[in-house]
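Below you'll find the structure, written out as structure tokens, and then a few comments.
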There are 2 protein chains.
Amino acid sequence: MSATIIDGKAIAAGLRAQAAEDAARFAAERGRKAGLAVVLVGNDPASEVYVASKVKLTRETGMESFGHRLPAETSEADLLSLVARLNADESVDGILVQLPLPGHIDSGRIIEAIDPRKDVDGLHPENAGRLMNGLQGLVPCTPLGSMILVESAVPDISGLNAVVLGRSVLVGKPVGQLLLAANATVTMAHSRTADLPALCRNADILVAAVGRPEMVRGDWIKPGAVVIDVGINRLAPEPGREKGRLVGDVAFAEAVDVAGAITPVPGGVGPMTIACLLKNTLTAARRRAGG
Amino acid sequence: MSATIIDGKAIAAGLRAQAAEDAARFAAERGRKAGLAVVLVGNDPASEVYVASKVKLTRETGMESFGHRLPAETSEADLLSLVARLNADESVDGILVQLPLPGHIDSGRIIEAIDPRKDVDGLHPENAGRLMNGLQGLVPCTPLGSMILVESAVPDISGLNAVVLGRSVLVGKPVGQLLLAANATVTMAHSRTADLPALCRNADILVAAVGRPEMVRGDWIKPGAVVIDVGINRLAPEPGREKGRLVGDVAFAEAVDVAGAITPVPGGVGPMTIACLLKNTLTAARRRAGG
């Protein structure tokens with residue numbers, strides 16, 4: 001084993017501590033706590049877990065958490081009017097609608113109804129465009145967290161070759177824009193890419209966000225590269241076990257011998273997502289308050 | 001000379017003919033012509049020429065052209081209220097504010113004031129985000145025209161390596177998103193990129209949009225590649241001449257021996273920009289009319 005393990009858990013804890021300081025200062029200066037509204041429609045068990053964790057960390061950070069639990073059969077119109085109320089509510093700085101939504105609701109329509117200045121998930125097209133055009137906006141949490149991890153390993157990535165595997169709206173594309181804004185030469189690769197291994201071997205920074213367990217092998221990695229593994233995949237359980245192991249998109253045991261720095265799964269990008277949600281909420285709160 | 005010369009002039013003429021058909025059908029079905037408002041502030045000579053050409057082609061295509069000429073000292077507030085009036089005007093389908101604007105006006109603020117559905121230049125951040133997120137929107141004219149030229153040479157670019165030189169908001173970034181949406185593997189390169197020649201030599205599709213005369217040499221080009229030259233640079237005049245030659249970002253005389261297909265300058269991407277403006281105006285008109 002040669003690579004530095006990028007400790008996402010510790011870095012996320014540092015971000016949360018910073019957010020708690022910022023939250024305290026905001027509350028002292030403004031006479032109210034920064035507030036995050038989380039909307040959960042239905043009772044998907046995984047979503048319940050995520051939302052509970054967001055609510056808990058929001059409160060621990062010293063912010064107001066506004067929970068909105070709606071039944072699975074909530075109409076799109078009712079959800080839209082809740083979003084409109086939250087847009088207008090001065091005590092709400094950030095709005096997060098937990099995805100996925102039930103099938104009868106058009107997620108795109110809901111996301112586009114959120115005031116872009118309160119869109120702490122960074123999913124509104126206006127925020128995507130602001131990121132692409134180099135304007136101030138809110139950046140999606142997982143890409144922002146991934147970028148912070150890259151910079152923890154290489155403070156200046158100017159001129160380095162970055163390869164992003166996966167071109168999702170949630171992760172791959174915004175990560176590509178963040179790397180480009182930091183002056184990397186960025187290649188967006190995906191399922192149609194010819195000779196992925198050769199392409200990856202040229203990457204000083206490799207971000208894997210495809211959702212395919214251990215797809216990236218050790219011999220795909222350039223010696224010394226920074227590897228950010230966004231994938232969280234659960235393998236089939238081994239005999240006698242109830243749950244399978246969690247693995248990333250990178251074959252960690254192989255990659256760790258070649259890379260210069262690498263994120264583990266779990267404990268890499270995962271904890272960064274919520275930490276960046278708290279950070280985004282405070283960013284939104286400060287901007288809305290005009291500072 | 002071995003490369004096919006991509007005849008932008010002819011392809012643009014075909015687009016304009018299609019736009020004229022669409023404009024006639026729109027007028028017949030809706031009882032009014034599609035309308036494009038062009039706003040010119042001040043009297044920059046180059047802008048005057050561009051605007052005159054846009055007005056002429058808009059009318060020739062069978063659309064209404066609404067010209068708004070304002071003095072150079074127009075205030076930002078006055079320009080914003082003109083934009084608001086054009087947003088509200090049902091006879092206006094597209095709004096184009098000719099850039100650059102005088103220094104006392106914040107161009108970004110003006111662009112963001114345009115209704116994204118009338119933003120036929122595709123410069124509003126919401127349209128950039130819609131392009132990035134794969135949603136219906138309006139695509140900037142030069143990138144759209146460049147993409148049409150790529151597809152004229154290679155109908156299916158899925159899996160090909162595309163390299164975009166230059167990461168401007170106006171050209172490089174949106175071209176990159178269009179190529180990615182068409183399933184190319186896309187690398188965004190720029191002034192900080194290490195070893196540009198080697199990177200370009202790997203490109204099946206090379207789009208040069210950096211504004212540096214003849215920077216891309218013949219030996220940067222992969223044999224058989226499709227080369228789209230977005231640059232329009234005027235060289236210093238030769239002795240006894242009043243004006244210098246127009247050249248692209250690619251050393252055409254060298255590249256033409258290596259490439260499979262290449263755009264000339266002038267007569268390549270240039271004529272596509274206005275043709276795509278007409279196309280976008282009709283797209284906006286149809287969508288606003290609900291079809």
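Placed from the backbone N, Cα and C atoms, the Cβ positions cover glycine too.
The feature domain 'Tetrahydrofolate dehydrogenase/cyclohydrolase catalytic' is assigned by TrEMBL to B:6-121.
Residues or ranges marked as domain 'Tetrahydrofolate dehydrogenase/cyclohydrolase NAD(P)-binding' in TrEMBL: B:140-288.
The NADP(+) binding site annotation in TrEMBL covers B:Gly166, B:Arg167, B:Ser168, B:Ile232. In the three-state DSSP classification, B:Ile232 (NADP(+) binding site) falls within coil. Cβ neighbours within 10 Å of B:Ile232 (NADP(+) binding site), excluding its own Cβ and spanning all shown chains: 16.
Within the same chain, residues at least 6 positions away in sequence whose Cβ sits under 8 Å from that of B:Arg167 (NADP(+) binding site) are B:Lys173, B:Gly176, B:Met188, B:His190. Whole-number maximum of the Cα to Cα distances across the NADP(+)-binding residues B:Gly166, B:Arg167, B:Ser168, B:Ile232: 16 angstrom. Checking the binding-site residues B:Gly166, B:Arg167, B:Ser168, B:Ile232 against chain A with a Cβ-Cβ cut-off under 8 Å leaves B:Arg167. Among the binding-site residues B:Gly166, B:Ser168, the residue whose Cβ has the fewest other Cβ atoms within 10 Å is B:Ser168. When pLDDT values are averaged over the domain 'Tetrahydrofolate dehydrogenase/cyclohydrolase catalytic' (B:6-121), the model yields 97.
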